[in-house]
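Some features that TrEMBL has for this protein:
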type	residues	note
TRANSMEM	26-47	transmembrane segment
DOMAIN	41-290	domain 'G-protein coupled receptors family 1 profile'
TRANSMEM	59-78	transmembrane segment
TRANSMEM	98-120	transmembrane segment
TRANSMEM	140-158	transmembrane segment
TRANSMEM	197-216	transmembrane segment
TRANSMEM	237-260	transmembrane segment
TRANSMEM	272-292	transmembrane segment
Amino acid sequence: MEQGNDTRITKFLLLGISEDPTLQPFLFGLFLFMYLVTVLGNLLIIVATVSDSHLHTPMYFLLINLSFADICFTTTSIPKMLVNIQTQSKVITYNGCIIQIYFFIFFGVLDNFLLAVMAYDRYVAICHPLHYMVIMNHRLCGLLVLACWALTALNSLIDILMALGLSFCTDLEIPHFVCELNQLVLLACSDTFSIDMVMYFGAVLLGGGPLVGVLYSYSKIVSSIRAISSAQGKYKAFSTCASHLSVVSLFYSTLLGVYLSSSITQNSQSTARASVMYSVVTPMLNPFIYSLRNKDIMGALRRLFQGKP
């Protein structure tokens with residue numbers, strides 16, 4: 001590792017969730033289990049949705065994209081963490097760190113955008129049910145998903161280009177299990193004002209924007225449900241968005257919890273442990289939420305396992 005201020009450093013050290021050697025076998029087993037559950041669960045959702053023609057609707061097309069993004073989101077960080085634990089090495093190359101940052105930002109922001117589009121889909125389905133298939137047609141749905149992918153790719157590219165301009169000193173230890181942009185900025189010896197501004201504006205626009213869209217959509221949904229006279233009608237309307245509302249609540253509450261805890265505590269590894277909730281636990285739980293609370297998905301999974309078309 002080169003000394004002094006030099007942008008051409010070759011590696012960083014990922015300290016992980018804990019440096020206690022006695023905990024490493026437990027952490028390896030735990031995260032391997034969660035990763036396998038995440039991948040298999042989301043793959044089942046994708047296969048069941050694709051194989052059942054009844055689920056070829058805008059809502060389930062968006063769900064396929066969310067499941068794929070969740071698989072990629074966890075794959076960005078967990079396999080490298082498992083390799084480091086198994087080999088008892090904390091090293092990640094500079095190029096590997098940059099690539100990991102790009103895809104960690106990409107799929108994290110993509111999740112955020114997709115949840116906002118799914119909230120809009122539920123708003124149209126409940127508030128404008130007679131015009132649902134006209135408004136949420138295949139063309140609009142495809143364009144919305146394409147816009148989500150394009151905006152997240154552009155945002156990640158901008159962040160990475162800014163990160164490539166940073167120079168570092170001799171302290172190259174990252175107190176996390178994944179390379180995060182803010183952790184990289186904290187290690188930089190060069191001026192970070194411009195990248196700080198880009199990060200703050202990105203958080204407000206790409207984080208706050210979709211959240212405002214979700215809150216607006218659900219405020220309209222609640223108003224529409226309250227206007228329904230029958231209790232059965234209210235239950236039916238609410239059941240169509242219950243799964244998505246559960247996923248949204250889980251995603252934003254864990255994300256908010258991480259950043260609140262990071263502002264309260266100065267222990268970076270405590271923040272790393274808290275970030276497991278939105279980066280690992282939430283993608284793992286999403287398939288269970290969508291399958292257990294959704295009769296269509298349960299039916300598709302049942303037919304898939306029984307080998308029925």
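Cβ coordinates are placed from backbone N, Cα and C, and glycine is handled just like the others.
If you look at the transmembrane segment (272-292), the same-chain residues 6 or more away from its ends with a CB under 8 A from one of its CBs are 16-18, 31, 34-35, 37-38, 41-42, 44-45, 63, 66-67, 70-71, 73-74, 77-78, 104, 108, 175-178, 243, 246-247, 250-251, 254-255, 257-258, 261-262, 298, 301.
In summary, the transmembrane segment (98-120) lies against the transmembrane segment (197-216): three or more C-beta pairs, each 6 or more positions apart in sequence, are under 8 Å. For the transmembrane segment (59-78), same-chain residues at least 6 beyond its ends with a Cβ under 8 Å from one of its own Cβ atoms are 31, 34-35, 38-39, 42-43, 45-46, 49-50, 100, 103-104, 107-108, 110-111, 114-115, 117-118, 121-122, 125, 141, 145, 148, 177-178, 247, 279-280, 282-284, 286-287, 290, 296. Averaged across the domain 'G-protein coupled receptors family 1 profile' (41-290), pLDDT for the predicted model comes to 88.
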